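According to Swiss-Prot, the features are:
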- 68-84: compositional bias 'Low complexity' (COMPBIAS)
- 203-239: compositional bias 'Basic and acidic residues' (COMPBIAS)
- 65-84: region 'Disordered' (REGION)
- 198-254: region 'Disordered' (REGION)
- 41-68: zinc finger (ZN_FING)
- 91-113: zinc finger (ZN_FING)
- 114-142: zinc finger (ZN_FING)
- 143-167: zinc finger (ZN_FING)
- 168-194: zinc finger (ZN_FING)
Amino acid sequence: MTADVKSAAARILSTDSSRDPSFNNFSFTPFLRKSFGFGLASDVPVCKAYSEGHCPLGPACPDRHPTPSRVTTSTTTASGLAPSTTHGSLVCKHFLKGLCKKGLKCEYLHEYNLRRMPECQSFSRSGYCPNGDDCLYQHVREQARLPPCENYDQGFCELGPLCSKRHVRRRLCKYYLAGFCPEGKACPDAHPRWSENLPKPTMRVEKTEEELERERALIREEQEREKEREREWRSERGRGGGFMRGRYRGRGRG
């Protein structure tokens, strides 16, 4: 038995994984390559569309989609801009209207995905949007802005509904608990981080009716100021057009 262990160890140590591609392959390797592009050979070319901002094929693209940390040389687009890492998760508002002229060079996504739309400014300020359900932007509730409760994510929070943080009801991922989940961050189930030094949960502070009314009054005042600024801008624009209209009479005679 000892001889078998020694021979197996010697065989593993003497194996060159770079020459034997099947040495580090697992049963889930094809899934990772197809879904996330992990493990692609270095001789596979980098996707040109992805390097310019966005690839419509996504994970199904046969070429490599390197992350910014893996890129050794700074690739730039024709406009002189590097592929965006901050706007690449937001949908282009001009594309939704059919008015984007950048095409594949646009720093934003060209797809119909409401979950990746920017946040609605009107709803975020006042909790009300005049477009309602027809609005193309995200309506983020105040409760959704709270950070998740670490104690609840690990199974139990002693404060329950009185906790000042958000309690997200998700079942634990059985694959993550077993050691590895092939879905990674895209997994719909919870991947809790176990820690012994979690902060103690705090009580949620309920606002009084006077405080809520004061906030509503401030929001109404801000909306009125915005409407006033818009009216002034339109009136200035109208006066400018009227001022220039009719001034030019052409070249005079003689």
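Every residue, even glycine, has its Cβ placed from backbone N, Cα and C.
Sorting the zinc finger (168-194) by DSSP state (H, G, I as helix; E, B as strand; all else coil) yields 8 helix, 2 strand, 17 coil.
In terms of DSSP secondary structure, the zinc finger (91-113) contains 7 helix, 2 strand, 14 coil. Across the zinc finger (168-194), the prediction's mean pLDDT works out to 81.
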